[in-house]
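When I checked TrEMBL for this same protein, it listed these features:
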- A:29-54: transmembrane segment (TRANSMEM)
- A:90-305: domain 'ABC transmembrane type-1' (DOMAIN)
- A:96-115: transmembrane segment (TRANSMEM)
- A:122-144: transmembrane segment (TRANSMEM)
- A:181-203: transmembrane segment (TRANSMEM)
- A:224-246: transmembrane segment (TRANSMEM)
- A:286-306: transmembrane segment (TRANSMEM)
Amino acid sequence: MLNRTAENVARATPEPLARKVRGISDKGLAWLFISPTILLLLAINIFPLFWAIYLSFTNYRANRPNEVVKNLGFANYQRILGDKDIWIAMQTTAHFVFWTILLQTLIGFTLAWLIDRKFRGHAFWTTLILVPMMLSPAVVGNFWRFLYEPQIGLFAYAISFVTRIPPTDIQMLSNVSLAPWSIIIVDTWMWTPYVMLICLAGLRSIPEYIYEAAEVDRASNWRQFWSITLPMALPFIMLAVLFRGIENFKMFDMVNLLTGGGPGSTTEVASITLKRQAFESWRTGYSSAFAIILFVAVFGLANIYVKALNKVKQR
Amino acid sequence: MTRAAISRKSSWPRWARRGSMENIATALIAIGFLMLFQPFALSLYTYSFITMLAGTVMFIIVSKFPE
């Protein structure tokens, strides 16, 4: 059936084109197939990166395209790296990244470990747990805004039911000390399933005979967990931490939808500051320099993790 | 051929082997990263980017070095 289809395609190919393709080597043909992807990557990823590097040394403003562009050298970088507001935004970002990764890894691994027990209905629970991850961040942001509403929100009601604090006093999004935690909760709710999925893949890859050997040696469950499960699932956990770490450094949509960086600037993460500089103050050159600083930070972090991952794999 | 024999044959200086140089680059990136996000001193934040950049560029270069 497949051969007949291939024959039909070969017969239907116009003779001049068929002659041309026949003259190309295997390597040439491979290049021919991957060249559209490479061209697309160059146009969408590589060119904007180099363009942003160029803009970061200028005073270019996107809302004034006809203005003469001056070369400022490293002035944009010096200004950003001496700016106290941006320093605070970096600390806010670090706070988010630390807590979201810690919570997602702990809860995600625990869920994966429980799901791996293969109890009755585990497939159903796996699907149910994965639902938040499949939702759009815009939907999740709006959905949680309603949940956090002090008057009608289910979250405020549930907290007040447990703590006996009136729901109107639970102002998750407008309270200075609660607003950062409101975003951490939503991000953890949404992305824990993703960490769970990666950890589950790690746990399922552990061969059963290792546990059987441990059983023969009369190793306790606790001992099996620390000596077999955790070390063998560690590369997967680290992979999940790497992916979530990189994503959370760029966290924008959730913060923008839930608090918009407020109240005041308590939840103003680096990406929100970047957006404000780029599209509210229209300081394109300055924001390009800021974006390059963040890029180098994430790139450096990725290098460390890849090295650590290779080390763990070699063990 | 044993590993020792291979390393004896290589003319690449021992101090510039990939493993140790990668460790130095990783340490530089980690220090720069901590300097960027620490809440203690603005001066550390100011020099964080250059530290991180140096570490990252060094990592890219030394990862091509022989083992």
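For all residues, glycine too, the Cβ spot is worked out from N, Cα and C.
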Which bits of the chain, at least 6 residues beyond where the transmembrane segment (A:29-54) starts or stops, bring a Cβ under 8 A of a Cβ in it?
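Same-chain contacts beyond the flanks: 21, 288, 291-292, 295.
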Counting a contact as 3 or more Cβ pairs under 8 Å, with residues at least 6 apart in sequence, do the transmembrane segment (A:224-246) and the transmembrane segment (A:122-144) touch?
no
